[in-house]
Structure formats: structure tokens, C-alpha cells
Amino acid sequence: MRAMDTQVQSAERGLVLPPMNSTVSSATAATTATNTDTDTDGDRDEERESLAEDGSEWVPAYMLTRDRSRYLGHFLGVDKMLEAVKCKYCGVIIRRQGNSISMAEASQTHLWSTHKIDPNANYYSGWTGVEAGSTFMVRPPLKNHQGGSATTNSIANLLEIDEDFLKRTREKEMALPLVQSLAIIIASENLPLSFVDNTAVRLLINQNANSLSFIDHDLILNAIRSIAYNLDRIIQRTALRNNSDLSLIIDKNYLLMDPTDRSNQLSNRLKNQLFEMQKINFFSLSHSVWNNTISILSIQYYDDFHSQVKTLPLIIQNLHEYNNDPKLSIPAQLLKISQELPGLQNTVISITLPRSQIVDLLNVMDSQPFFPNTYTNAKNYYHNCIISIINSAILPLFGTPKSADITHPRQSSFSKEPLTLLDSLIDLSNIDISNSIFSRINSFLDDLQSNSWQLDKFRSLCEKFGFEFVCSKFDLSRYSTATVSLQTFLNLRPIIEEYQSSIQIEKFNEIDFQIIDYLLITLNSINRILKFFTSSKSLNFTYVLFAIMSIEKHLLSTLGSLQFQRLIAPFETFLSKIQEFKTILFSDDMNLLAMFLCPAILFEREVLEYSFHTISLSEIVDKLSTSIFSLLKRFLNLHTIGNVNNSHNTSNHSNMNIHTDNQTNNINNRSGNNSDNNDNEHDNDNDNHSNSNTPASRIDIDPTGGENSVLPEQQPQNSNNNLSFGSLSDTHHLSDSTISKEIDSIFLQIIQEDLYDYLSTVNSIVPISYRSYCEQSNFIRDSGRFKKRIITEDSIIGELEQPMNFIEELLDIHVPVCNAFWSQYLDNDAGPIIRILFKIMQCQSSSSIRGEYSFLNDFIPRVHPDLTQEIIKIKLFNDQFVASKVDYDLDTLQTASQYLP
């Protein structure tokens, strides 16, 4: 071990203070940082930092994890899960708490709020005595390897030094970080380069850099190009880091010949590898086109640190420049990614595209595969964008498709306001609304505004009823105006009814207002779905099928109450489209797996039977185990080294070079314990299933309920890859294929154990969670449906019960309860398979369109016309990261996420 700089140790607490002069305050420590990783900077002595206390040995936290975040250098830990860390400065122990901020965020907040220490400061670097309370960081002077400081070498004093040259050099070094910051600001805000020519800006620059000579337009342009290039390199480094965590290396020199002992060895090694897999950043891709001008192929991943889904553009192309160019095709773009970012495809789970693109792509990619050919179902890789599905299905509510034989006048937008996110999601450009209620409303408002006498009369009626007249017409180019127009017109109903009684016009009757009401309720609910799936919320891929089924139920319920054909026909067409797409989505194995990880679905008997053709959860586990095995086996690169040592026996077990951890030690008994409990509650007729629309009772978890299903430890010998532990042959020659089969058998068992543990936990927690959530949020359940309890101030009325449609139930009740379940489950006893699956589902793109890109609706680059791609990349990165603190030469996506503003 390397020696660490002189340290001061507290006698009372035995804490190791930072390697600094005793006269320097802790506030001074906040000012020091370097741009290198914790494991390469400074000298350290881990033994002197270690602390034995209450039977636990506290060691430097960075030694327990592969995470190289600098804040870890300021803490001690006791286990590799880092359930608790001890501050080296004050001895405070920070523990992982459920349903709270992450451990990393809590630790960094403690450093800054308590000790005024920058979490990005390197604990092991040199400390510079600047003024206490200073908020900027100072790099320590370079050391002369022959002794002394580079600035005190006597030989240097004998040299003739060009003072002007040194001054210019120092000015340039001081200006470069400022140029980078200016480049980030200009690109992120889409400012013109003339921004830096502003007198106030240049005065501010001069005060910070003491020089203006190096701040010019070319320097900023080069900085923008450099940052954008380095963003791709950050993704590249992340991909390489992912690949390093994929190798499962088995040293046959240490394998025991006894089948049972060898099974335990391989099981522990595999569980260790699964623990490492949890650190991988899984990715998904998506493609979208904005404003019919900008094509973007983006990457999406889940940020563990902030519990947020983040997205970054990979390829940005101007459609006007590449009109009908083969470079715009999805296969060409995927090929470009695999060439420029080698290794990235190894951890890309899928790509999400509009339905029309997927149909074309599946026929092409067979000959040019981007994903490995391990799945028999290609739909596992190519997901349908739920936004494009809804867009295609909802069009009949607005009118009929425009005829190609008829020339329709091009409508200009009524509003000068910027386009909203909703405007970019639904395209109505090919819809003829002439026979719809929207056309009637627009005609009424046009006639009203064209006659000043009628307009004055209408406004006087508005004043009489206490309304302010606002002309809210439906703009075909702005989908968001649909609900605004309907709601405004509905609010004006009493005024309209009185007005039209004295005017000879086509009158709005009761049916018209009912149509408006039905449309408004449906469109408001659909808009909530659209916003949900374009947000950065994690787990929204898990709710894709749930959302489609909720829309279907809402439409069926609405059609059951409609009595006029004018609205029945478009709603039936809408429903038919949704049901067609539902069938397509159910053919996607990844969607089925995602639905299984939505706890509320497990209580829906009809849904389970439709999805898996059985209501037996044990049979469902058997089916899903195979899918999960195929999915995760792709990320287990098995490598065997060495030869079997025949002299090894059970006494040599301690020589096995395998490290178990606290998480994996408790897994082995889960399935057995859960199965014993579940057997006592088993009912062969499955009468315990809830047939209501909501989780009202326990689900029946029966590991032996399936015709061919048994518990993992009860599996008979299988001549194929699935070998039970008892069938491992006692041979003196273990081939690679034999070891691979044994690993596969153990892997399958771990998968099934975790799935049964998940079902058992859902069974015990979710029903209680629904009751608790409804009580706290004023929801009540009546005959399988939810209602909102509204408490009024009227003593006679008391409280009202407001019915909820199926979409409202999904977003207001099911999603919050399921999210709370996952937060609690992951903070406690979730197994490694479930944790990996959860992370994979979090990274999946449910929509090819994300809200973060909505600024592209009317985007025009102001920096430079040739830097559109670079500007978009930097803006999106800066919106989601602290771009000014990122080390573009060293950071990965994981480490870049941990910088605090």
C-alpha cells in the first residue's frame, strides 16, 4: 500500500481528518479538487483510515465499490452494498432509507451543508490554504519528481524567462475554462455569437478572466464542436465500462468435483456476477422527426443517482439536406452507430419506432442485424411507439381523412404562440373536419366575429352572466387547442342558448353539447396519457399495455352510454384501432414481461388469461423464466480458464476464488419459504383470484399449480440445458459445455426463485397499499370501481362521490401504488434478477418522442447554421447534467450524473 500524507486523528472518535495543515480550517477543504479519479490521485494509507467499532470494521468507502465518485473518499463504509457510510470529518453515520433521497445524494448534501466541502473535491489530493469560505476550487501545484516544488527549483531561477510569453500563457489557461462555460451557455440557450460582444458580458468576462484577448468567436465555435464530440466519447466510455461488467470468468482450477459443492461454488459465482450486472447502464434507442425538418436518433438510459430516465441524441440530421437520402434510413443510422460507437449495441435492449417504420425495418434488418440473433421473436427488439399508436387511433374523433382527389385549402395557424408538446405529438394535417363538431364551433365563432352588432350583443350577454368572452377556435395545426375550444364553448353554453334564441342561425341542441362533453372527457384523459409517456418518469414502459387496456375500457364504457350515431361511429373506429394495436403489443414478449412487473395486473384474472392463456401464476412463471433466461443470458459472457484439479475436494472449498456478498447470501431460502407458506393457502380451483377490476384480495401463488410446473429445487433431471443440482455428473473431466449447462441450470433456478419471491411480496403488500393509499387520497372503491370523494362546504350535501374513468384510475391510483411498491421492494429484499429486470424496464422507451425535445418544434439555430447537431446535443446534455462540472476526458454517464449544481 502507498503511504498517505500526514494525517491528524481525533482521540475521541478515532476519525481520520483530511491530509492538510492543522491550521487550515475545514472550510478551506471545500476549495480543493482535482480532475482525476479517486483511485489515482494522492497518496493514501487504507489501514490507517480503517476503524473498528461495535464489531464492524469501517474502511474507506471507495474500496467497497467500483464507483469512482470523488465524494466516496470522504466516507467510510462497512459493506459493498454501502447501506451506511460514516463521515470522516464528524463521524455522522448516514444510512440508506426507504422512500427517500438516494444514499449518494444524501452523502453529498451532508458534505456541502455541514462541512461546506465540495462533494467533487478529491479527499486524497493536496490541500491549498486559500481563504476560508472561498467557493472556488484551486488545483495544487505540480510536484517535482526529483524533490521540492516545480516553482522552487533553483535551476529555473537561472533561466531567462519571457515574461510576456508567460503572461499570455497564463491568460490563455485562465480563459479556456471560461470559453467552455460560454460555449455551454450559448449553445444551451441558442444565443448568437454576438452575445459575447455585449459590453456588459465582456465586462463580466474581464472581471473573471482578467483578459479579453483569447475570447473570440472562433474559439467559442471550436469549443462547441469539441464539447459535442466529447459527449459521444462519454457514451463510448460508458459502453466500454458496461462491457467490462459482462464477463463471467470461471477458473476450473478451483472447481470442486463433488456435484453439490460445485453447484454451490457456481451459484455463488453467478450471484456475484448478477450483482455486478446491476451496475450496467442498459440503453434503448428511439427515432423521431420534429417539425418535419430534424431527424433524431436518440439513446435513453436510467440514471440511478437521480432516479430519472435521461435521453441524449446520437445522430441528428436535417431532412431538407438529406431528402430521400439512404443515410436517413434506420438501418443506415444503426450501422453508423455500431461503427462510431463500437460495443454500444452490446447493452442496447431495443429501439422504439412508429408502427409504420417497424413494419419496414423488420424486413430489412434480417440481412443487416444490429441486435444479436438470439431471440426467436424479433418484436422483442423493435417496440411500437405508443404515441404513434394513439395518434393513428384518435383521428376519427376529429373528422375523416382528406381525399386525395380534392384540393383542400392550407390552413394557417391562428395563434402566434409557441407550439406546445401536445402540438408535436398528434398530427391532424390530413384530417377533414368539415363535418365535425369542431367545424361547427369554428363557424359559429367566425360568424360572430364577422358581424360587429352580433358580437356586441354576445359580449353584453357574457357580462350579464359574469363571463369574459374569449374566442377559442380549434386550430388544426395545433392539437392542444381542441380541448381549449371545447371547454370554452361548453362554459359559454347558457350564453349561447340565450343568444341563439333571438338569432336566425343553425342552433346547437342538447345532443351537440353532449357530444362536446363526451369528446372533452375523452381528449382530456388521452392528453394525460400522452404527457405521461413522453415524460422522464421511470417505469412508464411497464404501463404500456395497462394504458392501452385502460383506453379500451374507457371507450367501451363510453359507447355503452352513447345514444346518438354521430358520435358512436367515430368512437367505434377509435376502439377498433386500439384493439388492433393491443393484439400487436401482446405479441411482444418484452411487453408481456413488463406487464408482469406491474403488480396491479397480477390481480386481473381476465388480463392474465388473455395474455398468458392461463391464470396459474406458476405456469406464468415457467413461461416467463424462459424469456428472462434468453434476455439475460445475452449479458453473461461465460469464459472458462485453467483445468480441473482432480485433487480438490470439499476441504478445498476455501480456496475457491469466489467472493460472496451480503445481498446474495439470503437468496437461497426465499423460494422454499415462500412456497411453504403458499401451499397452505393453495386452492386447486383458483377461487382466490380477484375477478374485479382492482386488486381487492390476495392472489393465489401456487408453484405446483401448473400441469408441468415444479419448484426450481424440485425440478427433475432434464437431458437438455436445464440440469437440476442432483443431476450434476461426478466426473473427472469437466468440459466447457458441461460447465455452461450447469451455469444455465443454476441461472434458471435463480430466475424462478426471484419471480416467486416477487409474487409473494406483491401478494402481501399490494392489497394493503391500495387500502392505505385510497384512505389517504380520498378515493373509495365501489363494486370494483374507484370514485373520488369530494368534501363540500355545504352542511346538507356533505361529501360527493365523483366517478372516475378507467384512464383516471390508471394514472391517479394504479401508477402511484405500483411505483410505491417498487420503491419499497427495491429498498429492501428484491433479488438480483428482479433488480436487473427493473433496470432494463426503466431504460426502455415507450415512446419515440420525449418532452425534452419539444423545443425543436420551432427551433432555428442562432449560433451558426452548420452547428445544429452540436447545439442540440449540448443543450440536451446541459438540461439534464451539470455540464460545467463534467470532466469530458474521464467521466462516464454514471459519474457525470453525480455532480450537483
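For all residues, glycine too, the Cβ spot is worked out from N, Cα and C.
Since we're looking at a predicted model, the values are computed, not measured.
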Inset, instruction - For the transmembrane segment entry in Swiss-Prot, name the matching range from 171-191, 381-401. - result: 381-401
Inset, instruction - Translate the DSSP assignment of Asn291 (N-linked glycosylation site) into the three-state scheme. - result: coil
Inset, instruction - May I ask for the distance between Asn291 (N-linked glycosylation site) and His110 (Zn(2+) binding site), taken between their Cα atoms and rounded to an integer number of Å? - result: 45
Inset, instruction - For the transmembrane segment (381-401), could you work out the same-chain residues 6 or more beyond its ends whose Cβ comes under 8 Å from its Cβ atoms? - result: 286, 350-356, 358, 361-362, 365, 371, 375, 425-428, 430-436, 438-439, 482, 519, 522-523, 526, 529-530, 533-534, 544, 547-548, 551, 569-571, 573-574, 577-578, 581, 584-585, 588, 590-591, 844-849
Inset, instruction - Measure from the Cβ of Asn291 (N-linked glycosylation site) and count the other Cβ atoms within 10 Å, all protein chains considered. - result: 13
Legend entry - Asn540 (N-linked glycosylation site) to His110 (Zn(2+) binding site) - Cα separation in whole Å: 32
Inset, instruction - Let me know how many other Cβ atoms fall within 10 Å of the Cβ of His110 (Zn(2+) binding site). - result: 21
Legend entry - Conformational class of Cys90 (Zn(2+) binding site) under the three-state DSSP mapping: coil
Inset, instruction - Tally every other Cβ atom lying within 10 Å of the Cβ atom of His115 (Zn(2+) binding site). - result: 18
